[in-house]
Amino acid sequence: MEIAIVKYNAGNIQSVLYALERIGATATVTDDLDVLRKADKIIFPGVGEASTAMQYLRERKLDQLIKELQQPVLGICLGMQLMCTHSAENDTVCLGIFEEYVQSFHSLKAGLPEAEQHNYKIPQMGWNTITDLRTPLFEGVPENSYCYFVHGYYAAIGPDTIATTDYLKPYSSALHRNNFYGVQFHPEKSAGVGEQILKNFIEKI
Amino acid sequence: MLTKRIIPCLDIKDGRTVKGTNFVDLRDAGDPVELGRLYAEQGADELVFLDITATVEKRKTLSELVNRISHQINIPFTVGGGISSVEDVSLLLQNGADKISVNTAAFKRPALIAELAKQFGSQCVVLAIDTRLEEDGEWYVYLNGGRTKTDRRCIDWAEEAVALGAGEILLTSMNHDGTKQGFALDITGTLANRLPVPVIASGGGGTVEHFVDVFQKAQADAALAASIFHFKEVAIPDLKNSLAASGIPVRIG
């Protein structure tokens, strides 16, 4: 099986590659449109800022390519957010694969009473639970499993939601539409739970 | 619910873990990759690898170690020690580090924090502060592994660094480090409540109760310790079970 990891200007892509190696899979990190088109599975990772990442994708025509992919695609963190319709991070139009909108934790925090605000650091950084798990992506993953999150923006709950996490309010920690999946957390850094989810993406989807 | 993090710290010298008491008298506690993996299996939430002998010549050795760690460890980890440029950080991140910590170099040239945040994002920029409570009742910043005093107050430097783009503060109290008498609750609490970013408390954790206190009384987001884990004085699974029993949200299982 050919697994391709989309190479672009966002984040720690090596970690995803090494996590795949730990579960016995190999992958190619590439921004070559032909290699991506022919791969059996695509992982679209990313940590960074939405508008810069979208601009980079457009310049290399990766935006159009990702939208047209027919094989299973897994977006991770910023990758998942870029697959949504729009991000409040610098008012960025995204790929529109998922119909959800990406919003800022800051606006939620500003709405809290002042005494409670210090309980919520932004970005959310650390381990939180995932619940209401759906699709084979989460096969064998117990409800309320812990995953590792680092993000200041979140996708709202919507028709594509397949996992929910609560920080300031419940939001989508995973999304699914057709052949596209996205997770807000970092499966490559989420210990055994994350490895199970990556394994499921490779074997069950 | 977002959980409080337990972070073992592995001080690295010549590819081996060491831990000093009040930053001197180093003892050998094993291979960093093996030890890190053991901690990850036991339920550590993150790891910190601090290269205490980092020099320009050692940079390659460190990046090779980071590469080995990132291949074998499935939880996030931070690398620190002697980092002073965008190039240093780029090399470590390319080899799989999730975050880097800066200390003396950032104090001497605060623009480094802004450069790193712009290039790599605040989420991977940890500012480490070594601080000591002086007789005038103020906490001051120390540099060079605690050897050099500055006139800067800890809270002022922390606030400036966060404004520049530091995404997390790793706060070590030199008064408490190595004593196993408990964390510095006052300065940790001040930073945790004033800063919009997570604060990792370090220095002084010796018993389960000390960790309960730093989370409940000082609102730390994470707590870091070294020798008590290396020498098995506190086991991570026991620590986490006790924290959970005290009503503190922690990741178990």
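Just so it is clear, glycine is given a Cβ too, placed from its N, Cα and C backbone atoms.
Since the structure is predicted, the reported quantities are computational estimates derived from the model, not experimental observations.
Taken verbatim from TrEMBL:
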- A:Cys77: active site, nucleophile (ACT_SITE)
- A:His186: active site (ACT_SITE)
- A:Glu188: active site (ACT_SITE)
- A:12-203: domain 'Glutamine amidotransferase' (DOMAIN)
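Summarising the environment of A:His186 (active site), the number of other Cβ atoms within 10 Å of its Cβ, over all protein chains shown, is 25. Recorded residues A:His186 (active site) and the residue listed as 'active site, nucleophile' have their alpha carbons 7 Å apart, per Cα-Cα distance. Across the fold, the C-alpha of A:Glu188 (active site) and the C-alpha of A:Cys77 (active site, nucleophile) stand 11 Å from each other.
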